[in-house]
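Enquirer: Structure in structure tokens, see below.
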Amino acid sequence: MPRMFGTDGVRGVANTEDLSPELAFALGRAAATLARERSGGRVVGVIGRDTRRSGPMLAAALSAGICSAGGDVVDLGVITTPGVAYVTTHLKADFGVMISASHNPAPDNGIKFFSGDGYKLPDEVEDQLEALVKARPDTMPRPTGAELGSIRQSPEAVEAYVEHLVSTGSPLSGLRVVVDCGHGAAYRLSPEVLRRLGAEVIALNTAPDGLNINAGCGSTHPEALQEAVRAHGADAGIAHDGDADRCIAVDERGELVDGDQIMAICALDLKARGQLPNDTLVTTVMSNMGLEMLMRRHGIRLVRTKVGDRYVLEEMLKGGHGLGGEQSGHVIFGALSTTGDGILTAVQLLSIVAREKQPLSTLAGRMQRLPQWLENVRVGRKEGWEQNQAIQAAIARAEAEMAGQGRVLVRASGTEPLIRVMLEGTDMAHIQRLAASIAEVIRTELQ
């Protein structure tokens, strides 16, 4: 049987077998049971969610499960994923849970756990949760009376998170910023944080109805943000995904500034101020070679990991590095957060713009990107693609044709039925043609 936990928690279409209220209840019971076994006493779990219609349903089921196993719940309501991580540590809770499917469409949802120190759970702890959920008969405790858990709200904990974000930034007075919240978890928090720092904020897509999260807006659909930045004569634009654990930016000309460029700007700034531990940036195999070349010129070592912010974070913790992230806009500031935080990233980026007194386009222009092309191939099954001889032959042909003037990266998505084909080289038309040829073989072999 496939593992219940994927690369970013449990995901599925809400109210189906993959992500039912019954499963949420069982996961809540398992989390509280495991936490009680470790602490030997009363435990507290923090729960947050994004703006999907299924969020309150799953939060109620999860809360019921935690309480039924003798755990107390702090329900934060709508908050960002990094907000849950921060509040978990701020309240010294035993664990945190975020209900979100990030950039996925509204019918999807997910359940992601954090340990008491604010980090995502390691695989072995997720496996323990899964074993408890699947165990028959259910041997988890069922306390009664005063031993049952309770549920409370904590707006003051959410305010503590907002104050933390504000405390990390420089004054932004004089900056005009457009923020696309994608009708997601950041719809109140992101504009509020930037306004408290003094920015003039024009907020887009801040009216969630449970169904419009990520719908033609947010970080995966930046076109309206680009247009708004130009129309308002703004200094920058910021776009979040559904749970705001990442952001992308738009410069004053309406041009996209992706995660690679954001990391480049932040790494150079931190190094100049003597605050880049080990003079190292951690990123993934997807990051553009232009980032690596720029870092090398400035004496910054670039370390690559597998795709996924959890792998970036693992490498950061292992090596004692302070900055890492992904091209998609997940950026982790190790001294300020335990996970990628889109609002925090926006604050750091805009603070550099304010301090440097230079346009964002100038700062982003320090990195010259090599042409890069990504094909997402929807497949009937992902399993076994690495052993498929026809697919491997197609990859080998493309690599031979590039003759060392670029690279080919093919990988399976951890959360969707997709095989991702990424090529990087010196000529866009050439790499597009090669990517299409690999994609066609994948479609044929894995339909």
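Residue 1 is the first one shown; counting continues down the chain.
Positions of Cβ are set from backbone N, Cα and C atoms, glycine also.
On a predicted model such as this, the values are computed, not experimentally measured, just so you know.
Summarising the annotation, Swiss-Prot assigns active site, phosphoserine intermediate to Ser102. What Swiss-Prot lists as Mg(2+) binding site is Ser102, Asp241, Asp243, Asp245. What Swiss-Prot records for Ser102 is phosphoserine.
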Enquirer: In sequence order, which residues at least six apart in the same chain have a CB under 8 Å from the CB of Asp245 (Mg(2+) binding site)?
Expert: Thr80, Thr81, Pro82, Ser102, Asp309, His330, Thr339, Gly340, Asp341, Gly342
Enquirer: Cβ within 8 angstroms of the Cβ centroid of Ser102, Asp241, Asp243, Asp245: which residues besides those meet this for the Mg(2+) site?
Expert: Asp50, Thr80, Thr81, Ser100, His103, Gly184, Ala185, His240, Gly242, Ala244, Arg246, Gly342
Enquirer: So how many other Cβ atoms are close to Asp241 (Mg(2+) binding site), meaning within 10 Å of its Cβ?
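Expert: Neighbour count, Cβ to Cβ under the 10 Å cut-off: 31.
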Enquirer: Would you count the other CB atoms within 10 A of the CB of the residue listed as 'active site, phosphoserine intermediate', including those on all shown protein chains?
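Expert: Taking every protein chain into account, the count is 28.
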Enquirer: Relative to the Cβ position of Asp243 (Mg(2+) binding site), how many further Cβ atoms are located within 10 Å?
Expert: 33
